[in-house]
Amino acid sequence: MQRSRASSTSSGRLQASQQVQPLDAPKIIVIHPGSQHLRIGRACDLNPLTMLHAVAYKRKHQEGDWPYHDPMLPSLDNINPAQLQVEFEEQRLIASRILQNCVIDDKQRLRVATPPQQLAHFNRKSVAEKIPPPGNLSEERNRQWLDRDAPVLFDEQILRLSTFDARDYDIHFPIQRGELNVHKQKGGSLQCTLQHIERIWSYALEARLKINLRDLRTHSAVLVVNDVYVRRHLREFMTLLLQRLGFQRCFLVQDSVASTYGAGIGFGCVVDIGAQKTSIACIEDGISQLNSRVRLQYGGGDINQVLLMLLRKCGFPYRECSVQDSYVDARLMDKLKERFCHLNAKVCGAQEKQFHLRKQNGQWLRYTLQVGDEAIMAPLAFFHTELLNITGKARKAFTQQPPQEQYDCEDCFDAEYLRETGRKNGARAADPIVAQLLAQPRPLPPITADDEELNVVDQDEPSSNGVAVHNTSSPSVGHAQKHFADTANGVYQYGQGQVMPLDQAVLEAIGRCATNETKRKMYGSILLVGSSVKIPGLAAWLQSCISQQVQPGTEVNVFTKGMDAGMVAWKGAAIMSVLESARELWITQVDWSRHGLRLLRERSPFLW
């Protein structure tokens, strides 16, 4: 396994303070946190434990204290609901015309769509049927469906909260849109968010994996992190694992790199579509290419909202569905997306579907409905992103800033620190490594602490090149910042101010690779991973869209691994953890307490 070249210092590289112990897979815990799910398990496990990455605290009813609920799905844009409906209908008609022009066989026959009005005629007459509990659930288990006396709820218990029950709890999802969910409301500070994560992970380790927290001092941890990361957050994760949870040692790995290990490939463009974000990165020899990384703010949850909007237009029989107020309904839409949606143009006409739902009184109901092009139009929003405007038009693309543009007051080898000390002591410039750091251009300081390591490309802000450039009174400083955004972080262009479609984002990411040979290799190995790539036909559709936009003769291959796509990164991290070459990546609890951030600079498997 190759790794990034760590930044050297005049004092040389750190030496491990302890003898490396033999690797023991049952003692290695692999953790892959996401916006909606947490995947955690031993490195020797066939599959990880997958649970909801959320926690619910029992409220103390006090005057003026209102319950706080993080939404499970992205919220609808409520600025102008009437205008939103009109615009959505316009885009639905455009997408419908695109589908009607699809050829479905060798005889050049076109698709035949079923109008929503015809489907609504059937669906409005559909009546829910009472059925016994599925899976022969016992009456005793039904009575224990929800433990209302528990002070803290996790996983399935949260998903069983009705709108009425949820009023007694504050519910937090500590990660949203791929990063820590830090906000200004109740329980939204950085330390509170880390406490939520500690609670969830402790529950998973103790209650589900049956590992006593006191025994973690004999266990190791591998944490899968995003390709586009905030260095301050990674530092907090290390402290959480080694000092608060008490693991003996740990190391971090980027999710796209872990995915290549899980898929068994040495290079490729990894497209990770999660519940609330889509990230793209080009991997070569185990290294994530800096300029190719991007995180887009849409995912499977946005597709759920599009699907619900489309189903309502054709008379969705479950009229009380409210994904914003009920986690039960939000989970239902997630299941309907997995069961109904596809990207197979040959499937057309009305299809009769059924789904089951448990009501608050314990009664199970079965709904029957007809679905037409709604099943293909919802995932088509990945490529016709105007449909995603219902969850907000103000979208941002995040790319990773180079190390010299990131600041950390606790890192004594930070580029900014070296500049400041170099001014006071000119003799330090004699060191060639320090001199190289001092010679790098200096960008403007960040606007906020939470986004200090992220370059934000916002299509709503006017800019000649698609990069949001902060207003400044100094033209030279503004030009320097623009230069950094253009050359180091990449520019993700948007058509008519619209969020970038999936195929265009992949083309842009691969286009930023250094050589034509690397680009050719990336086009030939596009790996789809993540919980939202299970839609049948998605890989073939993306491959067709990309093939039409590259030079003739370029081989394009989009594929998924023959396993649960959401587990590929976890499995890859488990494989990495037991490799002989990964021994030098481990950071022990003692070393972290003694050296801190310097260890990440020296040993992280990616450029710090």
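Cβ atoms here come from the backbone N, Cα and C positions, even for glycine.
As given in Swiss-Prot:
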REGION    1-20  region 'Disordered'
BINDING   Asp272, Ile273, Gly274, Ala275  ATP binding site
Neighbours of Asp272, Ile273, Gly274, Ala275 excl. site residues, C-beta within 8 Å of centre, ATP: Gly34, Ser35, Gln276, Lys277, Thr278, Ser279, Gly299, Gly300, Gly530, Ser531, Ser532, Val533
Secondary structure of Asp272 (ATP binding site) (DSSP, helix/strand/coil): strand
Ala275 (ATP binding site): tally of other CB atoms within 10 A of its CB: 28
Spatial neighbours, same chain, of Asp272 (ATP binding site) - Cβ under 8 Å, 6+ residues apart: Asp255, Ser256, Ser259, Thr278, Ser279, Ile280, Val529, Gly530, Ala569
